[in-house]
Amino acid sequence: MRHPPPSVVPLDRILPDEPLLMMGAGPVPIPAKVAHANSIIINHLGDTMNRVVEQVKAMTRYVFQTNNAQILGVAGPASAAMEMAVCNLVEPGTKVLAVINGYFSRRLAEMARRCGGDVVILEIEDGCTAMPEQVMAALHREAPTVMTIVQGETSNTVWNRYLPEISLAAHEMDCLVVVDAVCTLSTMRFDMDEWGVDAVITGGQKGLSSIPGVSLLGFSESAWKRIERRNAPMAHWCLDARLADQFWNKNSYHYTAPVSGILALHEALRLICTETLPARFHRHELSSKALQGGLQAMGLELLVQPVARLNSVVGIQIPDGVSGDEVRRHMSQVYKVEIAGAFGLNILRIGQMGEQCRAHAIFRALHAFGSSMVANGGRVDLPAGVAELERILADGQVT
Ligand SMILES: Cc1ncc(COP(=O)(O)O)c(C=O)c1O
């Protein structure tokens, strides 16, 4: 043998002794039932898989709030679902209006550009929600065939709160609306049919509290008609929706499906259906508002003003003289809690998606955060923060 085996250590010598509490921008903690499902292998074709897939589609329709959308999955990150939505709807020369609030909505625009789309960018001011009038003006000016937009920009914690109005306006102009709901789905309202959304994209590792790497998307009837009529060749084989339809709707082979990941998604979706969406939205909103209140009572400032503030991921300004990286390191080493930095912004981000929105998780995260701030020279009132968190959670009201 010319190449000897490498010298490696077992995983338990790499992983921390105790699992870290994942309170960043995803992946998030997963329920035990999801973890168990993720450890099972079954045949990727056949009756058992067919039953699982049918249930996954039915539950996804509930979570997307749609009756007829074509539901597909993809073995890949949420970015693969973004790419699948974009590359099937955008052909060379297709006019695309990309509403950009930050990093991930810019990624959608870049994907459309790489598909040969004629991409027009509508850049929204930092920290602001896209306003219906400004998007409508761009829609009238450009008459695009496709519009891309994000419901929540995880990167800078901005929420497009007028997505329903914006989506309906585009829909009325026969423009197909592609929505990235990766960090928001099942954490807040999303109504695919009622809002006239044509393609919705999500990942597993955020609101759904499943694993990263297996993602879901849905196409409206109009979007699916466009895909069926498409003449331009598809450069991507794995992401070709008409081929994926073979597996997701015709019990047949496209590629070997990520069976364990689909089983994990099944359980994550089933837990959402059991909880019901209204109860889940309330749990998320209350938990996030309590965390935000606690952070502010400590004396910290949040990045985004309430009108545009995302609940699913909270962005916190780092006080002068404090190193965000050191705070994160301290939280991780001393308290075994992980949170996220940001894409070039001087903020820290705490996630509020799925299993992160549990009282035990936010108390631990807020305490670890405040204490690590103090240890790194931040002047925060930790007891006041914890007291406010307790007060809002006990009150149970969202305002
Ligand atoms: C809003 C949004 N869109 C897309 C993505 C991309 O997801 P992934 O990293 O799974 O490709 C993310 C990931 O953080 C996200 O937050």
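The backbone N, Cα and C atoms fix where each Cβ goes, and this holds for glycine too.
Note: TrEMBL annotation is automatic and uncurated.
Positions annotated as substrate binding site by TrEMBL: ARG349. Cβ neighbour count for ARG349 (substrate binding site): 25 (other Cβ atoms within 10 Å of its Cβ, all protein chains included).
Look at TrEMBL and you will find 42-329 tagged as domain 'Aminotransferase class V'. Within the model, the domain 'Aminotransferase class V' (42-329) shows a mean pLDDT value of 98, rounded to a whole number.
Among the features that TrEMBL reports, N6-(pyridoxal phosphate)lysine is placed at LYS206. Following the DSSP three-state reduction, the secondary structure of LYS206 (N6-(pyridoxal phosphate)lysine) is coil.
Between LYS206 (N6-(pyridoxal phosphate)lysine) and ARG349 (substrate binding site), the C-alpha separation comes to 14 Å.
The Cβ neighbour count for LYS206 (N6-(pyridoxal phosphate)lysine), using a 10 Å radius over every protein chain in view, is 29.
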